């Protein structure tokens, strides 16, 4: 983990508990672990598992043992080098990309979480070996970064792409932006591998999100990248309506291995069956919210 994070920060995460964080973090001012990023029992163990899974996924691609690797426990894109942010403590994505760069010349990072992938962008803002591309809600919305003008610096100038969106974007509108942007990046940047953060808070009905993507619209991003025939790492991320997170990542696992057509939309009976009522189906339908991107014409500006 110290390949990216500072030794001091990782040592802090290894020691901090709900009982000791006030003293160790100087009332939350040190490392930003506090009210917004609360410590919990098993924090370091979880962070180790999350980061280890993403590093292992990269190793599988580097070794040629897999062409697609998945870590749904990863995707914690807000964590910074020396501080926690946005419920993220260790940036497993950065660690994954650093591992890929040990064997590969260029890596493309794509973020479809509702929130801007600021931690990953910041980590690679001055290099031309990693291109970051984030599709996110922009405006009065955490973390408040990711304008189209944020394009990298120094050697990294032009290697950060931001697609700021507004409330209510639908499958059709999202596809009309996502596919041409990614197709052009693939053509020009020619990545050796792609890391896709599949944050599920961009789904319709998410408690902290504001987009209107169905499960199939979200999964279309996975399908599009699978068709590019470039080694691919799929990671998790945000998602606060838990039953829909489970639906989306289950379906996207099937998409990754090309078996989505064989998935039964009727959920099997398990001990968690009642969570998925009242429809008990593998689907996340759109809501009736308006697509502000279309109504105010801002989607045309983004394109």
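Even glycines carry a Cβ here, placed using N, Cα and C.
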### Same substrate site per TrEMBL - residue from 35, 36, 291, 296 joining 86, 240
36
### Query
Since TrEMBL lists 113, 115 for divalent metal cation, which candidate among 167, 171, 201, 206 does it give for that site as well?
201
### 10 Å Cα neighbourhood of residue 115 (divalent metal cation binding site): matching recorded positions from 36, 78, 240
78
### Query
In angstrom units, rounded to an integer, how far apart are the Cα atoms of residue 201 (divalent metal cation binding site) and residue 240 (substrate binding site)?
6
#### Entry: Number of other Cβ atoms within 10 Å of the Cβ of residue 113 (divalent metal cation binding site) across all protein chains
27
### Query
Counting other CB atoms within 10 A of each CB, which of the binding-site residues 36, 201 comes out lowest?
36
### Summary
Rounding to whole Å, the Cα atoms of residue 36 (substrate binding site) and residue 78 (active site, proton acceptor) are apart by 12
### Query
Taking the centroid of the Cβ atoms of 36, 86, 240 as the substrate site, which other residues of that chain lie with their Cβ within 8 Å of it, listed in sequence order?
37, 78, 87, 142, 208, 238
